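Asks: Straight from TrEMBL, here's the annotation block:
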type     : residues : note
DOMAIN   : 227-706  : domain 'Cas1p 10 TM acyl transferase'
TRANSMEM : 246-264  : transmembrane segment
TRANSMEM : 297-315  : transmembrane segment
TRANSMEM : 327-347  : transmembrane segment
TRANSMEM : 367-400  : transmembrane segment
TRANSMEM : 421-439  : transmembrane segment
TRANSMEM : 445-466  : transmembrane segment
TRANSMEM : 478-500  : transmembrane segment
TRANSMEM : 533-551  : transmembrane segment
TRANSMEM : 572-589  : transmembrane segment
TRANSMEM : 601-619  : transmembrane segment
TRANSMEM : 657-681  : transmembrane segment
TRANSMEM : 702-722  : transmembrane segment
């Protein structure tokens with residue numbers, strides 16, 4: 001993966017540095033493209049066959065081009081001066097030349113022999129410089145022979161290959177007892193093989209290609225200094241943190257513990273195995289399949305989780321697998337969407353109940369939305385604004401369901417116990433907490449989980465605080481309905497205050513220990529931006545749930561199988577309004593010109609398309625009576641899919657794509673997707689199993705577990721502080 005350096009990043013990396021490009025017109029091209037990364041306004045002007053200086057005095061960056069079109073005594077003298085004068089010696093040297101030698105000597109074999117002799121005499125000097133500086137020898141790009149002018153016809157690809165072979169053989173063998181420190185810069189040659197036919201003269205690369213070469217050169221030098229996440233080349237693997245080492249020890253012990261337990265259990269089972277009566281052929285005693293003990297389930301779950309986390313680490317922290325950049329095209333987004341739509345329609349079944357937003361329907365909704373979001377991420381479709389705005393609605397719809405689902409549960413059940421809260425918080429956060437430790441990432445990095453966690457707590461506090469108003473109590477008097485609406489109005493007031501008071505929001509979430517959860521890159525701005533982007537939609541979900549459940553209780557809705565939700569006339573009118581609203585939003589989103597302006601309107605208008613979809617999906621009785629089991633299956637593991645994609649489907653923290661099988665994109669995506677979905681499903685099972693063990697229903701046991709959990713997180717905070725100090 002190649003990080004695209006901005007000029008301020010380039011200046012940061014190259015501060016107080018001197019870079020020298022020495023060679024012919026091709027090296028001059030590379031020099032210009034490199035300088036334009038630092039200063040995009042730098043112009044290609046002046047005499048082409050002379051030295052060209054560049055200096056940024058503010059950043060204290062100096063880049064020079066030295067005109068030496070042949071590998072000869074002149075180039076050797078220039079390099080020799082650097083070996084003798086440590087002050088003048090550049091930090092980075094980029095050298096290369098050959099085409100002038102071919103041209104001047106008409107491609108003769110004698111010229112090739114002389115080139116080899118000259119480069120042999122320069123090699124020890126380059127090797128000496130390479131011990132303290134970064135030295136790159138640029139291999140010659142191929143030419144497009146049909147476009148070459150008459151005075152360049154002798155520059156053939158056959159000759160260029162011969163000169164490249166000579167340079168590689170000499171420079172790689174310049175040190176007898178160790179590997180050469182001079183690096184071969186061959187990427188430009190590889191790029192030219194694909195793009196040289198777009199050249200204007202057959203010799204020089206088109207501008208886009210040389211810009212790529214220059215950016216790769218910047219990656220080669222700067223990645224090890226700035227360590228960008230999406231720059232997978234040329235930077236050392238980050239050292240294991242203390243928490244990662246402790247996690248590795250814990251999972252190793254869990255795996256060993258489970259293996260020991262399994263061996264002991266298996267031996268005990270063999271001893272109790274029934275023997276067969278030889279005469280009758282019948283077993284003397286019946287086999288009783290004993291259920292797994294909680295300890296066995298715990299060890300098995302931790303063993304599987306340990307192996308899965310090792311896979312996560314190998315995919316996105318070790319240098320075991322390649323990563324590649326995303327390149328968006330309409331086909332890479334829309335064709336997979338059509339595939340999954342066809343599959344989803346094909347696998348349809350009847351629902352167990354025909355209520356609005358029944359369980360099968362909400363699972364289906366989560367499922368297809370999650371699949372669209374996954375395709376959106378892997379195709380890099382965020383660069384296409386209409387798709388971005390529609391996906392923003394899908395994220396808002398998830399949060400709408402959070403408001404709808406949790407409000408409905410508390411309103412109907414009236415269960416505000418600690419057990420319920422712990423169950424929800426554990427299921428939401430277990431995987432993310434483990435990933436924060438194993439992958440050394442802050443909690444806010446997995447922004448969606450903090451978002452749904454905070455909103456769950458907001459819903460809980462809103463409804464649990466005095467006076468607790470639930471459906472059972474409200475049925476006796478409309479006064480309680482009014483009281484609940486007052487609570488919701490106060491919640492809306494608080495949301496509006498925090499949305500338009502960034503200072504107050506940041507002060508609240510910058511308090512320790514909240515800051516440890518919500519800070520990203522040293523501040524909580526990212527958290528404020530994410531929260532603000534969908535600030536009203538959870539409230540809309542709660543209000544919709546209250547309205548729907550009230551109408552349902554008063555038997556205003558017809559939710560029988562095959563029946564429209566309202567009378568035919570009202571149903572048709574609402575369907576028409578819903579379709580028009582849905583399409584109107586899509587037209588507006590598709591005509592968006594500016595992401596910032598559209599994001600400003602999104603919190604207020606996203607609910608239009610969400611409500612329109614709910615009505616279209618639920619007003620017709622036949623639509624409410626069926627669901628897609630294909631989408632519903634994915635919906636049940638949607639949270640795990642969303643979180644796992646960061647490291648084992650995408651790569652470099654979602655900025656790239658994981659490459660398990662290089663050279664075959666289609667096979668790679670099939671294999672990596674299969675593993676990714678299997679892992680997400682397994683983690684969902686592990687989370688459910690551990691939730692049953694770790695969160696008991698008995699209150700006294702639960703309080704003890706909560707005390708242990710508090711101690712665990714205190715330990716994490718202490719270890720995190722120690723790590724931060726050591727990094728600083």
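Using the three backbone atoms N, Cα and C, a Cβ is placed for every residue, glycine included.
Automatic prediction, not curation, is the source of TrEMBL annotations.
Quantities reported herein were computed from a predicted structural model and do not represent experimental measurements.
Tell me about the surroundings of these features in the structure.
Replies: Sequence-distant contacts of the transmembrane segment (246-264) (same chain, at least 6 residues past either end, Cβ-Cβ under 8 Å): 240, 295-296, 299-300, 302-303, 305-307, 309-310, 434, 437-438, 719.
Long-range contacts of the transmembrane segment (421-439) within the same chain, counting only residues at least 6 positions beyond its ends with a Cβ under 8 Å from a Cβ of the stretch, are 243-244, 247, 305, 309, 312-313, 316-317, 406, 445-446, 449, 452-453, 456, 460, 639-640, 643-644, 646-647, 683, 687-688, 690-691, 694-695, 702, 706, 716.
When Cβ-Cβ distances below 8 Å are used as the criterion, the transmembrane segment (445-466) is approached by residues 395, 398-399, 402-403, 406-407, 410-411, 416, 421, 424-425, 428-429, 432, 435-436, 487-488, 491, 517-518, 520, 526-527, 530-531, 534, 538, 542, 639, 642-643, 646, 653 of the same chain, each at least six residues removed from its ends.
Within its own chain, the transmembrane segment (572-589) has Cβ neighbours under 8 Å at 386, 389-390, 393, 566, 598, 605, 608-609, 611-613, 615-616, 619-620, counting only residues six or more beyond its boundaries.
A Cβ distance under 8 Å defines the sequence-distant neighbours of the transmembrane segment (601-619), meaning residues of its chain 6+ beyond its ends; these are 356-357, 361, 365, 389, 392-393, 396-397, 400, 499, 532-537, 540, 544, 564-566, 571, 574-575, 577-579, 581-582, 584-586, 588.
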